[in-house]
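**Q** Questions regarding the structure given below will be posed in turn.
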Amino acid sequence: MAQTPNPSRRSLVGPPPHPFLTPRPERRQLELRWADGGSQSSARRSGVGLTGGGGGGGGGSEMKDCEANVQVVLRCRPLSEEEQRANVQSAISCDDLKREVTVLHSLFKQADKTFTFDKVFGPKAQQRSIYDRAVKPIVKDVLEGYNCTVFAFGQTGTGKTYTMEGEMRQKASELSATAGVIPRAVRDIFDILEERKADYSMKVTFLELYNEEITDLLALEDQSRFPEDRQKRAISLMEDRKGGAVIRGLEEVVVYSASEIYNLLEHGSARRRTADTALNKQSSRSHSVFSIYIHVKETTVGNQELLKCGRLNLVDLAGSENIARSGAREGRAREAGEMNKSLLTLGRVITALVEHSVHVPYRDSKLTRLLRESLGGKAKTCIIATVSPSIHCLEETVVTLDYAYRAKSIKNKPEANQKVCKSVILKDLYQEMERMKQDVKAAREKNGIYIPQERFALEEAEKKTMRDKIEYLETQNKELKMNIESCKKEYLDLEEAHSRANISLKEKEFIISNLLHAEQSIVERAKDIRGALENASGDISALVDKLGRQSNTEAENKGLLFDFRSQLDHGLDLLHDTVVGCVCEQRQFLESMNEQNKIYFSAKSESTSQLERRIAKAKDIYASGVQCMNQLANTLHQRSIAHSEQMGLNILSHATRAANFLAVMVSEAEQVSNDVFKSISELKELLAFSADQQEVMFKRDLVSAQVMSKTSIDFFEDIRGHASRLIEHMEQSQAESSSQLLKFEEDFKELSVREEQAALDKIAGILAGLTAKKSTMVLDCVGQLNGKCREEQKHLKLQISNLQKVSDSGGKEAAAYAAKVESQFSEDKLSHCKIKDQMEDILQQSLKKTVHSVSYWSHTETSLEHLNKISVVEADDFIEETRKENESILQKMLIVSTQNDAKFAAITSDMLTAVKDSHLRDSESRMRIETVFATSSDHLEMLDTKHSQGTESIRSMTAKCLERDYKANSPVRRRPGELMTNAYSLESIEQLRTPVPDLVVKFRSENNLDEVDKGKRYVDQGTRTPRSPLMPVNHYNK
């Protein structure tokens, strides 16, 4: 594979020559073709050009039929330091976002004028921004195989050269911030190619157009000449047959890096003609064109290597200038005139292209001839119009803006260049290398004549012109000689043909004169024949009529047969349509029945799944309810024990306090005898407080007991409610299942009856058996499922009724316990009231018998102690009895709950097992039904096929009998006039013909003519007769 020419990879160069591996920069002259995008030397390569406009080539062309407008970019330079010092006003304003440039005519009391362009860059725009936004896409198109042109256009001193070139020198490996379009495009091209790792080659050319003369800026200078003569080496510009410009003798240099191109640019720019004017200290006095040719190798699908060619033309035009303002004199004035002339021609070309003029004046200037492809051709073009903001240059600025705005409307037709086959280029290069080797060998051996290069090129051009002219004249001479020979031969042929034609005419005149006599005799005999035929025409007419009637009868019979055939075909079609309709209806019925079964089984499966989920949910609800009930029972039991213990402790503490109080009363009776009334009153208050406290405690115990009882009752009520809802749900589910089963049974029976009525005899028998089997199977399945569901419902109702009974008994026991606690509270309250009343009576008696109270203290103490003991014992007995009853109730409830849990788990497991068994039976039934449906479909297909075959067989037999086997008489085609009763023999008829060959021989013998040899004498005689040879005969005919 070829390697990209890179100095760091030159060690990889192999021994054979290769177009991509040139060991050193090469300078050679070529004929550069501008108008069609390729060089003349490339155009000679086996008919393969570099542009896409010449038809098919080895690699094909990539065309774009769509037209593209020329891209116009406007750049406004900032005011110079001198203009700023002079306070020169700015006459234009730039809007980069709106891409508009406004000419401020308001300074002259006129309306402002606005121009819109593809891109607008104001005075603060940087070089990099201009390149990235305007030129970088053009560079990418060049690498895709297009010819592209970028040129700067504007007044002198507006920054065209600065925009195109800028500062060439690099700072380290980076470009300067002021680098222009050309160095940035070169750097981008190398960066993109290196990034793609492409195999490529690159060549550059650099020319100058000064005073309508083209100069090669890269040509080697002749050091033997004076410096003023070195600049006068001009190159000729010619046109080919297509009207394209051809530059002969322009050198192209192979380059390998960007630095080489920079050096060539600096070298060529230094040789350009510049001068100091009043408007620009370094004004370019010529147009320059720097061209980059890029060849990139591509590999096709078939591993064929092609070369993609692209060209980038970077044009720096000289600026138009006002001679009066620039201060040009004599030679400088003539230079400015030539520049303005070429730029004016460019303006006329732009105007003609915009106005779609028939004639575009490309040939009026060499500049427009060079830019012909870029303006209205096949290249992509970008025009950078540069203007000055100074009010002093307003007129030139408006002209530039006007031309740039018009150039926007120019339409090019960009076409990608043809991809040239690598083998063609290699062959061409090998031939050129052989020629160069011969030249080097001749130079080494000093075997030849050495003359200056310019004269040698001129002489070679003249020699070539002469050779071409000589070849053209020789070709013309040969063609003329061949024309003379062909004319002589044609003359002899015509002379011979003329003599033969005269002889033939004489022969025909003689034949015609004899034929007239023969015709007379034929007419007479024809009259005799006509009389005989008229006699026989009556008999022949009668016979023909009879044959016509027979033919009509045969035709009518044949028509009847064809009518019968059409009716038979129609009947067979109707029968076939009927059978097909029945088969289709049966098939649709089977499919709908299959769909109904699928829907039923899917619904049954869904209902089974829902039933399983509901059973699981009921199981969870039951378990949670039982757990909650157990928790509530345990809580109630614990609270009852705690309240009983609290009640015992309260009674014991009360008794203890009473005993202690009596003891204190006895011990201090003597001390408080004086204060007895006060003590009695305090005792009353203490007794009232104690009674109230005991009453509050009793009420609190009663409320807690009521709350526990109400909670238990509510729990049992919830269980009863859940059980009732579960029963309702089971009944509803059972009713839905029964209704669905009944509906399925009814639908199935209706479909079976309809199927039996609609099918044919044979199919009816099969389907009747299938329907009976399916009906029996479905009925059995439905009966089993109904029985199972009823048994499960009964069992579930029994369990739920047991659960309700347990909940009812638990509720009744809780209510009885609550009533018992309430009655006990009432009894305790009454006893407490009685004790309170007794105490009050005692206190009243004590008040009355205060004097005798000491004697009764012992008796009172004994009575109170006995009373406390009795109350404590009764309370302890009641608490113990209550605790035992609660424990027994709790044990019973736990036993019943355990039994119910076991029964409920067994019931739910049985229900789940039954549901799963039902689901399995449904799956088996579904498989059997699908098998039956498939068998029925196959039978229907077989019936349809057999019926179609039988119908076709009947039709073929009918066609055979009516078309091939049916025999009919052939109609008589002979007419009455064709028969002759008195016909002549063949010999007599042949005698009526004119003996033409004998007459010709006789004619020639009488006139002493011997074939064609004596044609000339006959021609001479014939030419002397002034009349036409057929005139007597025609006259006779008249």
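Positions of Cβ are set from backbone N, Cα and C atoms, glycine also.
As listed in Swiss-Prot for this protein:
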type	residues	note
REGION	1-63	region 'Disordered'
COMPBIAS	24-34	compositional bias 'Basic and acidic residues'
COMPBIAS	49-61	compositional bias 'Gly residues'
DOMAIN	69-410	domain 'Kinesin motor'
BINDING	G154, Q155, T156, G157, T158, G159, K160, T161	ATP binding site
COILED	453-502	coiled coil
REGION	1013-1038	region 'Disordered'
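Describe the structural context of each listed feature in the structure shown, including burial, neighbouring residues and relevant distances.
**A** Under the three-state DSSP scheme, Q155 (ATP binding site) falls in the strand class. Cβ neighbours within 10 Å of Q155 (ATP binding site), excluding its own Cβ and spanning all shown chains: 24.
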**Q** What is the number of other Cβ atoms found within 10 Å of the Cβ of K160 (ATP binding site)?
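**A** Taking all protein chains shown, K160 (ATP binding site) has 26 Cβ neighbours within 10 Å.
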**Q** Pop the mean pLDDT for the coiled coil (453-502) in here, whole number is fine.
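**A** Mean pLDDT for the coiled coil (453-502): 87.
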**Q** For G159 (ATP binding site), what residues in its own chain, 6 or more apart in sequence, show a Cβ-Cβ distance under 8 Å?
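**A** Sequence-distant Cβ neighbours: R75, R77, T386.
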**Q** Can you tell me whether DSSP puts T161 (ATP binding site) in helix, strand or coil?
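**A** For T161 (ATP binding site) - judged by DSSP and reduced to three states - the answer is helix.
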**Q** Which one of these binding-site residues has the most other Cβ atoms within 10 Å of its own Cβ: G154, G157?
**A** G154
**Q** Around T156 (ATP binding site), how many other CB atoms lie within 10 A of its CB?
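**A** If we count other Cβ atoms within 10 Å of T156 (ATP binding site), we arrive at 24.
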